[in-house]
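As recorded in Swiss-Prot:
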type    : residues : note
DOMAIN  : 35-224   : domain 'RHD'
REGION  : 403-434  : region 'Disordered'
MOD_RES : T425     : phosphothreonine
REPEAT  : 487-516  : repeat 'ANK 1'
REPEAT  : 526-555  : repeat 'ANK 2'
REPEAT  : 559-590  : repeat 'ANK 3'
REPEAT  : 599-628  : repeat 'ANK 4'
REPEAT  : 633-663  : repeat 'ANK 5'
REPEAT  : 667-696  : repeat 'ANK 6'
REGION  : 698-734  : region 'Disordered'
REPEAT  : 729-755  : repeat 'ANK 7'
REGION  : 851-899  : region 'Disordered'
Amino acid sequence: MDNCYDPGLDGIPEYDDFEFSPSIVEPKDPAPETADGPYLVIVEQPKQRGFRFRYGCEGPSHGGLPGASSEKGRKTYPTVKICNYEGPAKIEVDLVTHSDPPRAHAHSLVGKQCSELGVCAVSVGPKDMTAQFNNLGVLHVTKKNMMEIMIQKLQRQRLRSKPQGLTEAERRELEQEAKELKKVMDLSIVRLRFSAFLRASDGSFSLPLKPVISQPIHDSKSPGASNLKISRMDKTAGSVRGGDEVYLLCDKVQKDDIEVRFYEDDENGWQAFGDFSPTDVHKQYAIVFRTPPYHKMKIERPVTVFLQLKRKRGGDVSDSKQFTYYPLVEDKEEVQRKRRKALPTFSQPFGGGSHMGGGSGGSAGGYGGAGGGGSLGFFSSSLAYNPYQSGAAPMGCYPGGGGGAQMAGSRRDTDAGEGAEEPRTPPEAPQGEPQALDTLQRAREYNARLFGLAQRSARALLDYGVTADARALLAGQRHLLMAQDENGDTPLHLAIIHGQTGVIEQIAHVIYHAQYLGVINLTNHLHQTPLHLAVITGQTRVVSFLLQVGADPTLLDRHGDSALHLALRAGAAAPELLQALLRSGAHAVPQILHMPDFEGLYPVHLAVHARSPECLDLLVDCGAEVEAPERQGGRTALHLATEMEELGLVTHLVTKLHANVNARTFAGNTPLHLAAGLGSPTLTRLLLKAGADIHAENEEPLCPLPSPSTSGSDSDSEGPERDTQRNFRGHTPLDLTCSTKVKTLLLNAAQNTTEPPLAPPSPAGPGLSLGDAALQNLEQLLDGPEAQGSWAELAERLGLRSLVDTYRKTPSPSGSLLRSYKLAGGDLVGLLEALSDMGLHEGVRLLKGPETRDKLPSTEVKEDSAYGSQSVEQEAEKLCPPPEPPGGLCHGHPQPQVH
């Protein structure tokens, strides 16, 4: 092997002359050098994810870089082949950047056939022209060695095309090129560049074929390198209108680099994205989003689409899951269906109603004398004939279809001389039989009740003939007002459904004066009271009338909605319905103002969803709490208005209703967190003017906390004490925003406000408290020509990556960064550790004064925020532990999975 590889010839000859066309990015279809000439093709791509780049102090990888199709029990490795050629050849592979055109990468390949600068070579031929690389590893460069390695790689590359050496001008040019590469290079992504060399006439391998480039390989320790995976969803179907809230559990994602994509896999190519903000991503493992509307509102049957997680920057996607859109339910409350139904007859569902009518008519003459033409007053004559108190059981004594039996009994009692049918009454029982006597007594009582019922019905009909008032008939039949049809609707329900206002008032009047108040609150099979239906159908006058006669507004329907909740969902009619409900004087009004629905939303939250300042004013005037948090996430009305980006509502809540601009959700987010996460300069400016706290931190740590195992032996005894304190820095609005305009607003506001008191120092160390001289020296070091963009990496390590674009054009980016870090409550140890990991030992020396050295703890554990896009793996070799146990790691990190 050594005979065919000269380690002094690393790199690719005449690299600068190569024109990397888009075909190189798709290596499975390479362009040959000539129409029928030899060319290089990738047979097996490397695996894109799951492989870890390792530092030199960690030792070699356990197993080489696997192939894309590698599985347990069937290992594959990156493989290439020279086509249209047979004979001796040499194939080399090195690392290049993932951007186009590909440039030399600072990381290096390691393996049995690899040189010190990371170029691996194998010989192939003369028959088998396939090369398999089965022991490749990726050596992660340290920041302090990055420039040196880049210059060496570029020099070797240039020397292959210019063996006579480099001039001083060319060396300076290479150094400048290395500096430019360092600024833009992503240390978490590499690609393999395969190059083939055929044997020339002089016996050397100096005839190059066109290189081919592999697909990107992501460092498994990089925040954005993990495979996207949907673990669970609480809903797999929703309305075609969208807006359904879905809780999705997933593997680790980045708040600012993830989206939920809905799409159809057909010729239309429809796609849409779930609606959520960075604050809806919970600790990188759960996303709460609202479904987008389907592109067709009118569908006749359910439609199944797909959804997947997708990274915004890299475009990586997860496996797709199915989601079903169901047709729009226009008549959710089934009012229209019931209106289309034919009107019920008296025989349905009461049974025998027509016979009852005939019987009553036949008996009217017999009761004429008793009626005596007396007037009802208010149904006094009808009530006088009631044989049982209100609430007794006439329905039980009056079985359906029994009209004929009732009238027969009445004839026998009133006109015995006319020969009533004997089977209608029990036969005479023999003397001395108690059971027979008891049966006879019950039969007589039954007939007496039937007689009273018939008499009352007859009197009601007579009174109706005198007064022409339908309430006379209703009073006589008031016990039937509780009758329900197959949908559970009473006569009052049906009158409201069909909009019969006069009938509604008559029935309600009778119910009220007869003290049959239970009827007014009866529910149908959909758990709807008459008041619910009056609100659903928008009958404001009926709502007021029902409340006056005792309707209970606190009762809930099957969805958990009270009449007030339904009124707030009534669209344009909401203010009038709300007036009727709240101005009725009902004793339950204070109670319904503080009742949530089944989704945990209070009336003030529904008023925000209705986008109605008028409804908000009505609710607050009647005693609703504008600061009430909804039960799912603790959001106030101001939080919801901010999420909806309703500038008018936010202004109304802040200026007129004096909502608390610093109210917090269960996760500690203020409205300013939400506005910043949405990237809305207008809302941000409004909230800042209203006094929003720019320094407010939510409950999600900016940097993951150390595991309990790193806290020492005293962790158990100190645990309860630690639980009472907050020992980490959460995300501020500035940490959540990706908008340059919002960042500028927040930074300007931060400079114009006094610094907040620092949080209790975390276990990592004391707060950042340094003199101006030390900070100025560090600023000069980071902005100096030797640093070349180190401040940007420092920002990422300090969890302030969102500020990089903002500070890039400032006179002193590092100075602005350090001031923001200090303002945010950053600790000294975090800064020292970041500088040390970057190899900036001079900066560590500047900061480590006698007054701070003794304060530093022995443990140094720090991980990056989930908001970065590149790997921030600890890089300083000086922090590597001595070779105690095999596989020990640098910087106190827990043992990762090794590949």
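Yeah, the Cβs are placed from backbone N, Cα and C, and that goes for glycine too.
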Check your understanding: How does the repeat 'ANK 4' (599-628) divide up by DSSP, counting helix, then strand, then coil residues?
Key -> 16 helix, 0 strand, 14 coil
Practice item. Over the span of the repeat 'ANK 6' (667-696), count residues by DSSP class, listing helix, strand and coil in order. Key: 17 helix, 0 strand, 13 coil
Practice item. State, in range form, which of 487-516, 599-628, 633-663, 667-696 has the highest count of Cβ pairs under 8 Å to the repeat 'ANK 3' (559-590). Key: 599-628
Review point. By a Cβ-Cβ criterion of under 8 Å, what residues six or more beyond either terminus of the repeat 'ANK 2' (526-555) are in contact with it?
Key: 333-335, 487-488, 490, 492-493, 496-497, 499, 501, 504-505, 508-509, 511-512, 517, 520, 561-564, 566-567, 570, 573, 576-577, 579-581, 584, 586, 588-589, 591-592, 595
Study note, to complete from the structure: Averaging pLDDT over all residues of the repeat 'ANK 3' (559-590) gives 91
Practice item. Could you break down the residues of the repeat 'ANK 3' (559-590) into DSSP helix, strand and coil, giving a count for each? Key: 20 helix, 0 strand, 12 coil
